[in-house]
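Asker: Just passing along the structure, written as structure tokens.
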């Protein structure tokens, strides 16, 4: 758009996090305002409706933590559903597993996919061309409702923060529908917000999943571009989860292609729940 640099800020409860750089894209889609900026430190960074979604600098903290605890521990992983994920990072991590036969990516905003394919090739890369991937421009809630029982082995909810058009992705009814379309041993993996900046939402997600599924586990790590810098991912299943039970040979192969995730990192991240969150969950 212009070679002039400017500050773009995300505001949250009296605080702000800003990046200075050249604006590559600024437009409003059917659903949200989309801004893509190029920053000296973070590289290209994507903002949706005033919230930073991803950047080239730190996106692997997010995508590797969302995907690999589930896919490296589950034996059957033929059919995968990604809700959201229009930047391509979750797809990129999924296609590393040869056992996967089909990946359905359901993204409501086609503009996010188009922009990511053109300007964020460093994230999705060749994963967009993987023959196992089918892209559906659709509402994730509606997609889940029309899916037959016991169809997916893993569901990834790679959504933005709760908003007017994404609130239902955090609802009891939606999680129950996800449980219905998962196989009996399937895993739901979702970003579950920050225990600091979005504490109440975070606790609500954890309590809801605990009530709906037989078992759930939450891990914490860093995503510097997000409010407070600490983020979480929660994994839930109708069976007893054992995310530390891994196929050693497969884990070592996947670790070689990761920048952040490895088994030691994962095991530590599952032990990082702040005590104030523990108390809230026990109350």
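Quick reminder: no glycine exception, Cβ is built from N, Cα and C everywhere.
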Asker: Looking at the spermidine binding annotation from Swiss-Prot, with 63, 158, 159, 160, 161 already listed, which candidate in 87, 138, 139 is the matching residue?
Answerer: 87
Asker: Please give me the binding-site residues out of 63, 159, 161 that lie within 10 Å of residue 107 (S-methyl-5'-thioadenosine binding site), comparing Cα atoms only.
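Answerer: Matched binding-site residues: 159, sequence order.
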Asker: So if I draw a 10 Å sphere around the Cβ of residue 160 (spermidine binding site), how many other Cβ atoms end up inside it?
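Answerer: Residue 160 (spermidine binding site): 20 neighbouring Cβ atoms within 10 Å.
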Asker: To the nearest whole angstrom, state the Cα distance for the pair residue 87 (spermidine binding site) and residue 140 (S-methyl-5'-thioadenosine binding site).
Answerer: 16
Asker: Using all protein chains in view, find how many other C-beta atoms are within 10 Å of the C-beta of residue 63 (spermidine binding site).
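Answerer: Summing over all protein chains shown, residue 63 (spermidine binding site) has 27 other Cβ atoms within 10 Å.
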